[in-house]
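Visitor: If you scroll down you'll find the structure; I have some questions about it.
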């Protein structure tokens with residue numbers, strides 16, 4: 001007979017069992033990405049970064065358990081990879097390359113250390129893939145059950161002008177890099193999969209992309225080099241984010257469903273064509289890049305045409321005015 | 001008889017009544033600090049900042065309702081001022097001047113708009129005082145009752161080397177700029193004021209400083225210019241933060257209670273001498289700057305001597321070894 005209590009579940013270590021410094025000693029090595037641009041890294045009052053061309057791009061994006069993710073749908077690793085993708089997509093949407101990240105974690109003392117390690121590993125591996133050092137962050141408490149992640153990202157324009165939302169012009173070609181609607185289609189599957197689901201492999205791909213979006217980060221700087229007039233990442237849905245460019249630029253964005261056929265096809269095996277088109281138009285959290293190019297250039301690698309810029313306001317699909325859809329944080 | 005329901009409390013507007021864009025339209029103007037270093041401000045995918053000397057300093061610090069503040073003790077304005085002070089103190093503790101701020105607010109739909117406006121006003125006014133533009137941020141939802149603030153700060157070293165925690169040397173003078181122990185003494189009053197409290201004015205000053213710390217931001221760059229070997233802001237208590245420098249520099253920090261007499265005096269009218277000394281040694285959230293100067297220089301404006309660097313490890317007070325105290329986020 002064994003003396004070990006193997007029939008009892010082992011109590012897994014929680015944040016409240018360790019000091020802040022012990023937690024940092026576990027997670028910082030998991031997020032170490034050596035980079036000579038980092039002049040002072042984690043561990044002091046602040047980090048110091050060299051700014052390649054005398055400027056830096058910065059953005060920030062936060063997530064909260066049970067609002068932005070569910071632990072029964074996403075692992076810590078996936079939550080970490082997703083928040084890095086979201087943040088670096090904002091940097092790419094200015095035409096910049098990733099230059100660094102700050103990571104803040106506020107979590108209840110009941111949070112499992114193993115989950116925090118998994119999170120840090122996902123952040124670290126995504127940053128390594130993107131060539132993006134983790135410069136530091138903040139670690140703090142929260143009420144039991146609450147977990148908050150807040151990330152700030154940095155980018156380097158490498159001498160290029162930033163590509164804003166406000167530069168789209170009449171006649172511009174509207175083009176997208178990266179997939180559309182799949183993250184939203186995957187989320188819909190997690191909420192409520194069709195009972196007669198036959199396309200299991202396609203469905204799993206949609207769910208995977210919802211858990212870990214794959215923004216085409218290199219396409220941002222490529223669009224800037226090619227002379228894009230405007231650039232945005234699609235975080236809240238194609239119509240909503242195209243509408244932001246329309247509004248900032250004082251133009252109309254005219255989309256054509258025929259040019260979205262490949263995006264619709266990838267989803268229609270699971271959800272049917274009508275729902276699939278709606279998901280392509282309004283699904284968020286995919287972080288494709290939407291660019292507006294002058295009509296006389298050939299589109300850079302990875303971009304495909306989905307519409308054009310015309311006189312007017314707002315967004316149309318096949319000539320019909322479309323509004324809203326997509327995601328609003330307060331649902332107003 | 002009036003037809004207005006004046007005996008019924010008016011339902012005050014909540015975040016859930018507005019869209020994200022409507023909330024931004026209210027709060028962004030309250031945080032506008034014009035600054036020519038901001039090349040792209042709030043409203044695009046990311047901000048773009050010029051980096052004065054080709055580098056930038058960055059740090060991040062978050063706060064959560066009912067963990068880091070209580071609404072019955074602090075107004076939104078005070079919460080906003082405090083998080084700006086905390087973040088800019090980290091920048092000053094590298095020897096840098098404030099250059100910018102990103103602000104993230106995650107809040108439940110039940111959060112009152114009036115509170116959010118008050119918060120934004122406090123952040124905006126503190127940033128204006130510090131000459132620090134708000135570059136952007138993130139706005140997101142949270143479960144009912146939850147409010148999270150996450151701020152990232154930027155600083156400009158103006159060509160100076162950053163002053164780290166690791167540079168203290170045997171023989172250095174230990175000096176402090178800003179007050180000590182008062183924030184902790186104020187917090188203790190909020191928790192449990194002595195019933196025979198006579199020094200009401202002194203007590204109110206302590207509480208005010210707990211609500212809104214006043215870090216001596218300009219003393220950081222002054223210390224750097226004067227040749228400080230090491231610099232840290234006291235966020236978690238004098239002994240704990242001095243211990244961080246001792247550990248990073250491989251030295252002992254020897255403090256003398258006699259040299260802390262002025263700090264003790266300011267608190268002892270309220271709490272008595274014994275408790276007052278303990279508060280000066282371990283009280284956090286005051287964000288005084290602790291600097292380590294070579295012995296042959298005269299201390300820059302605002303700094304007073306409180307000890308010296310000797311051979312050994314850790315922190316002593318009047319020759320006796322002291323450990324811990326102060327604040328650990330997970331209480332481990």
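Each residue, glycine too, has its Cβ placed from N, Cα and C.
Just so you know, TrEMBL annotations never went through curation; they're auto-generated.
Residues or ranges marked as domain 'PurM-like N-terminal' in TrEMBL: B:43-155. TrEMBL lists B:45, B:90, B:233 with the feature Mg(2+) 3 binding site. The feature Mg(2+) 4 binding site is assigned by TrEMBL to B:45, B:59, B:90. Among the features that TrEMBL reports, Mg(2+) 1 binding site is placed at B:60, B:61, B:138. The Mg(2+) 2 binding site feature in TrEMBL is assigned to B:61, B:90. Here TrEMBL flags B:68, B:285, B:327 as substrate binding site. According to TrEMBL, the feature ATP binding site maps to B:137, B:138, B:165, B:235. What TrEMBL lists as domain 'PurM-like C-terminal' is B:170-294. Positions annotated as Mg(2+) 5 binding site by TrEMBL: B:236.
Describe each of these features in terms of where it is and what it packs against.
Guide: Looking at the domain 'PurM-like N-terminal' (B:43-155) alone, the prediction's average pLDDT is 97.
Around residue B:90 (Mg(2+) 3 binding site), a 10 Å sphere centred on its CB holds 28 further CB atoms from the protein chains shown.
Secondary structure at residue B:60 (Mg(2+) 1 binding site), as computed by DSSP, is strand.
Residues within less than 8 Å, Cβ to Cβ, of residue B:61 (Mg(2+) 1 binding site) and separated from it by at least 6 positions along the same chain comprise B:83, B:86, B:87, B:90, B:150, B:151, B:153.
In the three-state DSSP classification, residue B:285 (substrate binding site) falls within coil.
Residue B:235 (ATP binding site) carries neither a helix nor a strand DSSP state and counts as coil.
The Cβ neighbour count for residue B:236 (Mg(2+) 5 binding site), using a 10 Å radius and every protein chain shown, is 21.
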Visitor: May I ask you to pick out the binding-site residues among B:233, B:235, B:236, B:285 with a CB closer than 8 angstroms to chain A's CB atoms, ordered by sequence, or 'none' if no residue qualifies?
Guide: B:233
Visitor: Taking the Cα of residue B:236 (Mg(2+) 5 binding site) as the centre, which of the binding-site residues listed as B:60, B:165, B:285 lie within 10 Å of it?
Guide: B:285
Visitor: Count the other Cβ atoms sitting within 10 Å of the Cβ of residue B:68 (substrate binding site), across every protein chain shown.
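Guide: Summing over all protein chains shown, residue B:68 (substrate binding site) has 22 other Cβ atoms within 10 Å.
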Visitor: Quick check for the class: what is the C-alpha distance, in angstrom and rounded, between residue B:68 (substrate binding site) and residue B:59 (Mg(2+) 4 binding site)?
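Guide: Between the alpha carbons of residue B:68 (substrate binding site) and residue B:59 (Mg(2+) 4 binding site) there are 18 Å.
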Visitor: If you run through the domain 'PurM-like N-terminal' (B:43-155) with DSSP, how many residues end up as helix, strand and coil?
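Guide: Counting residues per DSSP class in the domain 'PurM-like N-terminal' (B:43-155), I get 35 helix, 47 strand, 31 coil.
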Visitor: Taking the Cβ of residue B:137 (ATP binding site) as the reference point, list residues of the same chain whose Cβ is under 8 angstroms away and which are at least six residues distant in sequence.
Guide: B:42, B:102, B:103, B:104, B:105
Visitor: Output the one of B:59, B:60, B:235 that, of all these binding-site residues, has the highest number of other Cβ atoms within 10 Å of its Cβ.
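Guide: Checking each of B:59, B:60, B:235, the winner is B:59.
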Visitor: Could you tally the C-beta atoms, other than its own, that fall within 10 angstroms of the C-beta of residue B:165 (ATP binding site)?
Guide: 22
Visitor: Could you state the whole-number distance in Å separating the C-alpha atoms of residue B:59 (Mg(2+) 4 binding site) and residue B:233 (Mg(2+) 3 binding site)?
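Guide: Taking the Cα atoms only, residue B:59 (Mg(2+) 4 binding site) lies 12 Å from residue B:233 (Mg(2+) 3 binding site).
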